[in-house]
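J.: Take a look at what Swiss-Prot says about it:
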- 10-30: transmembrane segment (TRANSMEM)
- 32-52: transmembrane segment (TRANSMEM)
- 61-81: transmembrane segment (TRANSMEM)
- 92-112: transmembrane segment (TRANSMEM)
- 152-172: transmembrane segment (TRANSMEM)
Amino acid sequence: MDLSEPIHDFLLVFLGSGLILGGLGVVLLPNPIYSAFSLGLVLICTSLFYILSNSYFVAAAQLLIYVGAINVLIIFAVMFMNGSEYYKDFHLWTVGDGITSMVCISLFISLITTISDTSWYGIIWTTRSNQIIEQDFLSNSQQIGIHLSTDFFLPFELISIILLVALIGAIAVARQ
């Protein structure tokens, strides 16, 4: 999107806070339904980040696949489960929660210090000029198709085989 810099920065901060709040909601909310809705918020904010970075195809795929299918499947699975078993042994804070939060906080602090200590201006971003001219004539979906059929052919085929095995396994489990 061609937005002015203050509007772009405001949307970036707004979507980032939505991502952080949604992620905290996924982890901290005791009700699984609310946690699934928070996951939906995280996935929607992620797709809006893709729209801000002019990746419209990836944003549409994110919305259709993750929000439209995966998150709805999670919500249906949670709704079919017995909700009363979640509140039987609900303790507010356990030792495992403390250890996990300390590990997460230490990882977060190390990530922040690594990002702030990195000299980003020393990195040279190089591209070929003819590659930029060629990419101007192609849409995002055409570029994705070209890269999937040339540069990423083997990983694309391996992922399709893994998904096929997972689908066959799910059918075998569902039959029993």
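Backbone N, Cα and C atoms are what each Cβ position is placed from, and that goes for glycine too.
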J.: Are there residues at least 6 beyond the ends of the transmembrane segment (92-112) whose Cβ is under 8 Å from a Cβ of it, and what are they?
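T.: Contacts with the transmembrane segment (92-112): none.
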J.: Would you kindly list the residues that approach the transmembrane segment (61-81) from elsewhere in its chain, counting only those six or more residues past its ends and only Cβ-Cβ distances under 8 Å?
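T.: Distant Cβ neighbours of the transmembrane segment (61-81) are 32-33, 36-37, 39-40, 43-44, 46-47, 50.
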J.: Apart from its near flanks, which chain residues at least 6 from the ends of the transmembrane segment (10-30) lie with a Cβ under 8 angstroms of it?
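T.: Residues 3, 37-42, 45-46, 48-49, 52, 86-87, 90.
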J.: Taking a Cβ cut-off under 8 Å, which residues six or more beyond the ends of the transmembrane segment (32-52) line up next to it in the same chain?
T.: 1, 8, 11-12, 15, 18-19, 21-26, 58-60, 62-63, 66-67, 71, 74-75, 78-79, 81, 83, 86
